[in-house]
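Below: the structure, in structure tokens.
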Amino acid sequence: MGHEGECQSYVCSRVGVDSRDAQCFVSLRRLYGRAALSIRARRFFYLILVGLSAACGLVVEIVAGRMIAPYLGMSLYTWTAIIAVVLAGFSLGHWIGGQIAQRAGGRAQSDVAWSLLLAGGSALVSIFLIRIITGPVINLSLPPVATILIITFALFFLPSLFVGIASPVLTKLAIDDEPTKAGAILGGFYAVGAAGSILGTLAAGFIFISWLGTVWTLLLVSALYCVMAASLFISRRGGAAKERLVSFVILLGWGAVAFAGQWTGVFARVCIVESDYYCIRVENVSGEIGVPAKVLVLDHLAHGINLRDFPGGLVSPYADLQDTLMRIHVGERSPFRAFFIGGGAYTIPRAWLAARRDVEITVAEVDPAVTEVAITHLWLKPDPRLTIRHGDARSVLVSMLADQFDVVVGDAFHDITVPQHLVTSEFFGQVRSRLRDGGIYLMNVVDHREHPRMALSVVASLAEHFPIVELWRSDEAGERATFVVAGLAKATPAGDLPARHSEGVNFERLETSQMSRMLSPIVLRDDFAPVDRLIGVQ
């Protein structure tokens, strides 16, 4: 018998068929078919895991921005830090995965399972950890960028690292099954990983955060990681019974943690509403104020304080100053028409509606959820004199007729978060064209107290359209201060201003010419408005 016959006899004997029987050839074809099917099924299984893990990694990245918003706000700095930390985790995870991929198939698959389990665990821990570390880190009084980087790294580096391990290992396992198709397999796995990343980004931004919130989105991601880990343990070739037991314990443990977190309130939402734009909270400050009062908090910043029984009361000093400037310059006009860029707590619109009957107010608020919260929690009442337009303030303003408002108030600016398209010279030109003769523009900016390059740049941009631009600074203690910028037709008479706000905060009018020579502010344009660099964050 030749070598071919010996090989055939050996193979047929291994499958339990007499080599002299023609059925042997049929059995061999079936055996090869089952092997090919097993390889295809395993490759499909690995593809699903690569796509899901990539999607989960990007969901965590998007959720990260919303998670830290109640503590640090949302700005170019927070997103830059999040993207950098997540990519650093992915990069190191891919490198570690490359080392693991050199191991034997069964062991490598188990290592991927453990890495996904750790990814799920670290994502779950971040829900607890953010409430523990943010306070102490913020209290270190480090520069804002350093604070953002430290908190972001502590929360999101490990989940990104562990999930980054999976892709190179699973790709190598698929190539080992069919080494002659290495190129096609490599391209396919890269494509599925990219598609998973896109799917995760879209799902987080358009579905999960709005419908589930950040906590339950992370719980879902953690659960998916655990399910993927368990499936790898169970499907491992040559896997032991203890690994199947581990899989059962993993799923049971995750369920116990989720139940305990929900039962104890640890997973309770920080926000009363997580909208497409903000983490929205309302806090009762009646004890501090002395009368029934609530404050609206958008992300990490108190946006306005409303008094239940005194709608005309303005607790915030900057709001009181804006009200005073309005009364001095255009207060005698009737009918009086105002446009607000941003509604927030609707504090000033509510006060002006209560103060006079001849007022007509239009508010452009980008987030309908903010308006709903103001109505349900902050005593804003529907009024025929109040028109609310939900949308971007610039688009809404441009749609309005020219020469119809007496005052435009810019109130859409949150600490280090400044919408750059609302502070450019081109936008201020649009504002000026919507004002009647002698109309004024008022806005508040939070900037560095001694080096307010952002505030001075706003002054320079407004000066292209208003004959008089004034800059007022509060005397509140701290490195950062609240500034009120006013674009006017004539200067404010010094004697018309109260010496001090009722809350004990004074605003002084600054001489901007000397400060501008020292700090070299720029005119902000639509094509160049580096507000994050100018805002005073170090």
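Even glycines carry a Cβ here, placed using N, Cα and C.
Keep in mind that TrEMBL annotations are predicted by a computer and have not been checked by a curator.
Here is what TrEMBL says about this protein:
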type: TRANSMEM; residues: 44-64; note: transmembrane segment
type: TRANSMEM; residues: 76-100; note: transmembrane segment
type: TRANSMEM; residues: 112-133; note: transmembrane segment
type: TRANSMEM; residues: 145-170; note: transmembrane segment
type: TRANSMEM; residues: 182-209; note: transmembrane segment
type: TRANSMEM; residues: 215-233; note: transmembrane segment
type: TRANSMEM; residues: 245-263; note: transmembrane segment
type: DOMAIN; residues: 360-496; note: domain 'PABS'
type: ACT_SITE; residues: ASP411; note: active site, proton acceptor
As a test of the contact definition, list every same-chain residue at least 6 positions from ASP411 (active site, proton acceptor) whose Cβ is closer than 8 Å to its Cβ.
PHE340, ILE341, GLY342, GLY343, GLY344, ILE348, MET443, ASN444
Tertiary contacts of the transmembrane segment (112-133) (same chain, 6+ residues out, Cβ under 8 Å):
49, 53, 56, 60, 67-68, 71, 93, 97, 100, 151, 154-156, 158-159, 162-163, 165-166, 169-170, 215, 218-219, 221-226, 228-230, 232-233, 236, 250, 254, 257, 261, 266-267
Of the listed stretches (76-100, 145-170, 182-209), which one yields the highest count of Cβ-Cβ distances below 8 Å with the transmembrane segment (44-64)?
182-209
Overall pLDDT for the domain 'PABS' (360-496), taken as the rounded mean:
91
Would you identify the secondary structure of the residue listed as 'active site, proton acceptor' according to DSSP, in three states?
coil
Same-chain residues near the transmembrane segment (76-100), Cβ under 8 Å, at least 6 residues beyond its ends
57, 60-61, 64-65, 68-69, 108, 111-112, 115, 144-145, 148-149, 152-153, 156-169, 416, 532, 537
Can you work out which residues elsewhere in the same chain, 6+ from the ends of the transmembrane segment (182-209), have a Cβ less than 8 Å from its Cβ atoms?
43, 46-47, 50-59, 61-63, 66, 167, 170-171, 174-175, 217, 220, 274, 276
